[in-house]
């Protein structure tokens, strides 16, 4: 076992710390506002657990497989079969399983928060539909990645390119691309509801900005897709797996941890209030305290009452 790659150590220190702090702050904010914990708060916990599990998995690869460092190759340029290659293959096997559940739960927490804040009329049904798609996405890819080889042990007992009973790398591309598409769908959902609310332009822009912070996760997902293509091209020419594949695995750490952070950010106004003057978080005071929420939820009912009154006058 050599020295741990500094990049792996830095990523696996900073980002999990941010996600843990964000979740603790979320529950603290709920306590300060005396708001009852909802499903969105509880679902973020498995998202945190699986993101931390992914961090532990990457650290396992850095320690046991020398992830991020060059590995010994045989005379034909292939990775030398041994404990390090086995450890790398085990880490490779676990990574997308943890990612599917972690990202899916973070996304689901955001959808549940949308339902809690904007849950009225057709928007509620849109949340239900997208939640069902998200859950289906989690279950489908977890199943695919668990049973990608038959028997399962072939993942770590044989080298890439020499596996006879495994699905191809196309499943990884499908996983990464579909994740970004779902993220974009979730990001765009609250815009119409926010711009229908009775707030000034500055507040609407600030509120939209808070929910758009989730684009950070989407950017990380796009970075992972780019890493898939670049790593695939490198591996086709070279088989220095622990070094060439490292960026692909490193991208998963900020992606999962920042997904947890972004799922918590709209709730944290009571924590940050007073720390920064004219904080953007103050613009969503009504949202997280459910003040503006009340007016939003009554908009549809007021419209229906007005129409009934007009009919009665006729």
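Glycine is treated like the rest: Cβ placed from N, Cα and C.
TrEMBL annotations: computationally assigned, not manually curated.
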Matching range for TrEMBL feature annotation, transmembrane segment, among 93-114, 269-290: 93-114
Range from 6-27, 39-63, 93-114, 126-153 with most C-beta pairs under 8 A to the transmembrane segment (205-228): 93-114
Annotated stretches the transmembrane segment (93-114) and the transmembrane segment (173-193) touching (3 or more Cβ pairs under 8 Å): yes
Annotated stretches the transmembrane segment (248-268) and the transmembrane segment (126-153) touching (3 or more Cβ pairs under 8 Å): no
Contacting positions for the transmembrane segment (6-27) when only residues 6+ beyond its ends and CB under 8 Å are counted: 37, 41, 44-45, 48, 51-52, 55, 58-59, 61-62, 67-68, 246, 250, 253-254, 256-258, 260-261, 264-265, 267-268, 271
